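Just below is one structure, and these are the notes that go with it.
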């Protein structure tokens, strides 16, 4: 890698971080966080419901505000950073993309499952026609091979994406997994096409994986204040910047401003600690979509189950983002299995009298 190359810092506190508090950021929260990030000189700030434009729904959870309210508030606040947003084809539409652009978004990350890049074409093309920066975002990147993932990135590039991401939605990639995926990208993408890493911290590898990605030539790094994000969170922004600083990398951010924002503004908003614990570790171990965490915990409480059991079964069934409705199905199947086991249990001597 070129140590003098400027690493593009993409903050996701106001989008992925929304998962951690069930999409309940107030507009005031968004403005305060955006102001701090802008002061710290991050390059972009992603803003949306955790599941992207129009994610606010019964299936994913309703947001405290609309995407446009958040985007407009942040766009009116920042002076340095570009406003980005996320769109999942099938949830967000071209109409929503145009509205986000009008509200102030200038970058869109079009997100698909890692084997379904073909559904991104319309949205990437429309984004480019609007004058937006279009980024391809390949979620659950651990679920396919490095070479197959690279071919999907090549499709997004052909549609007009100027940057393609390895997205570790489950926080399941090891450092060698990340290295192999970026090397595969390098083999097939044009030299001018940038690459990005979106890490989750479920195996405590969020920062390490981001560092490996940069060592392999990755241009953009996603991170969030105090790791605010789904599951055990994303790569903590202030930690990545501190590590990058120690390595002499050019990132352009003010570390102490980020440290203050993480501890004084973001961490107090968490109603469930964003950390590696029994449940979030299960996400990374089983390779489960990180935003399934809060939904699974609700289902576990409702049906008297362990959230870990639900998460591991979701991983076994290879469920992916967008299948949140299956969490209740899995819980009911597990409950039925427990009831069957109890009904057919062999009585002990004391129970038999």
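Any Cβ shown, glycine's included, is placed from N, Cα and C.
Averaged over the domain 'Pyruvate carboxyltransferase' (7-259), the predicted model has a pLDDT of 97. Look at Swiss-Prot and you will find 7-259 tagged as domain 'Pyruvate carboxyltransferase'.
Look at Swiss-Prot and you will find 15, 16, 169, 198, 289 tagged as substrate binding site, backed by sequence analysis. Residue 289 (substrate binding site) counts 27 other C-beta atoms within 10 Å of its own C-beta, drawing on all protein chains shown.
Just so you know, the Cβ of residue 15 (substrate binding site) picks up 29 other Cβ atoms within 10 Å once every protein chain is counted. According to Swiss-Prot, the feature site 'Transition state stabilizer' maps to 15.
Taken from Swiss-Prot, the feature Mn(2+) binding site applies to 16, 198, 200, supported by sequence analysis. Long-range Cβ neighbours of residue 16 (substrate binding site) (same chain, at least 6 residues apart, Cβ-Cβ under 8 Å): 46, 50, 222, 224, 228, 229, 230, 234.
Taken from Swiss-Prot, the feature active site, proton acceptor covers 19. Listed in sequence order, 50, 229, 230, 231, 290, 291, 293, 294 are the same-chain residues six or more apart from residue 19 (active site, proton acceptor) with CB atoms under 8 A from its CB.
Cα of residue 289 (substrate binding site) to Cα of residue 200 (Mn(2+) binding site): a distance of 10 Å. Between the alpha carbons (Cα) of residue 15 (substrate binding site) and residue 200 (Mn(2+) binding site) lies a span of roughly 14 Å. Sequence-distant neighbours of residue 200 (Mn(2+) binding site) (same chain, 6+ residues apart, CB-CB distance under 8 A): 168, 169, 170, 171, 206, 229, 230, 231, 232, 233, 234, 235, 283, 284, 290.
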